[in-house]
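One structure is given below, encoded as structure tokens.
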Amino acid sequence: MTGQDKKQTRSAEPIRVLVTGAAGQIAYSLLFGIAKGDVFGKDQPICLVLLDITPMLPVLDGVVMELQDCALPLLKEVIPTDKEEVAFKDLDAAILVGSMPRREGMERKDLLKANVAIFKSQGAALEKYAKKTVKVLVVGNPANTNCLIAAKSAPSIPKENFSCLTRLDHNRARSQVAMRCGVPATSVKNVIIWGNHSSTQYPDVHHCKVNKEGKDLACFDAVKDDDWLKGAFISTVQQRGAAVIAARKLSSAMSAAKAICDHMRDIWSGTPEGEFVSMGVYSTSNSYSVPEDLIYSFPVQIKDKQWKIVEGLAINDFSRCKMDATATELVEERDTAVAFLSA
């Protein structure tokens, strides 16, 4: 048997991928990319499991019809369901997009309480039905704390298998720098999002490199505007989600879906040599003095489906202050959510 034959034999087994909130607008932008091979590989067949609440099942049927009508060679099966025992069975990957959105006049603690119930239940379903090797990405907000609750509710699945999405913030930061320098986004690497996927996040470009005319420059040297990088750049990235909502009257969907694809593809295939990306991961044993037992966004490198926090990056006082502020918010969120968890 040739190496190519072995590869085809190995990849012939479909992987089971769950998307929750599957009738929503982020999923609508996401599912095509997954099904056509942009995330898990061009030779990896997929069984797509779509979970949503019972009232959304008729909409989900329409999504299934459209996926069928795409006539995609890698998509072997689509399973729409409102039942966790169906949705979480034997999963290789779970993308948890669905969550309780913040309603007008809703207190943050009420939002946390509603989402603790959802992610406690989904964590328990992962524990009971999914493979222990499942990779779980939490997108639904508040994503960091929802991810922590899901992980705590699935004690036999390694905490390292859980991450939350800060890649959208990472991509936003990368793009802002690229536009400012007049280069493609691919010429900007190693921006960092520290902390919470909220307006306290810290987009950090102290370790970022910009390729201009074939040369890698430090971001501050390429941009040549320290005030912008320490002011308007940070607030633009922090507030970008709100700006999109103000303009579209809907939250980010296309860009969120692209970020989800980027995040899961990097988990599956690894990060390029010398580059790192941002994701919310378990903070215990980190070397940046971030409190333990949080899901906090760090710079990571990924190899063989395992992430590793990038060590040894110099942190100045400006960065330290902003990293601590977002950690403080996450500790408060965690403590509130954990109290609901045990209630």
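Glycine too: its Cβ is placed from the backbone N, Cα and C atoms.
In TrEMBL, annotation is done automatically, which means it is predicted and not curated.
The domain 'Lactate/malate dehydrogenase N-terminal' annotation in TrEMBL covers 16-162.
According to TrEMBL, the NAD(+) binding site annotation covers Asp52, Asn115, Val139, Gly140, Asn141. Listed in sequence order, the residues of the same chain lying 6 or more apart from Asn141 (NAD(+) binding site) and placing their CB within less than 8 Å of its CB are Ser99, Pro101, Arg102, Asn115, His197.
The substrate binding site annotation in TrEMBL covers Arg102, Arg108, Asn141, Arg172. Less than 8 angstroms from the CB of Arg108 (substrate binding site) sit Arg102, each of them six or more residues away in the same chain.
Regional average pLDDT for the domain 'Lactate/malate dehydrogenase C-terminal' (166-340) in the model is 97. Under the heading domain 'Lactate/malate dehydrogenase C-terminal', TrEMBL lists 166-340.
As annotated by TrEMBL, active site, proton acceptor applies to His197.
Separation of the C-alpha atoms of Arg172 (substrate binding site) and Val139 (NAD(+) binding site): 16 Å, rounded to the nearest whole number. Among the listed recorded positions, namely Arg172, His197, the Cβ with the most fellow Cβ atoms inside 10 Å is that of His197. For the NAD(+) site, whose annotated binding residues are Asp52, Asn115, Val139, Gly140, Asn141, the maximal Cα to Cα separation is 16 Å. With Arg102, Arg108, Asn141, Arg172 listed as the residues that bind substrate, the site has a largest C-alpha separation of 25 Å.
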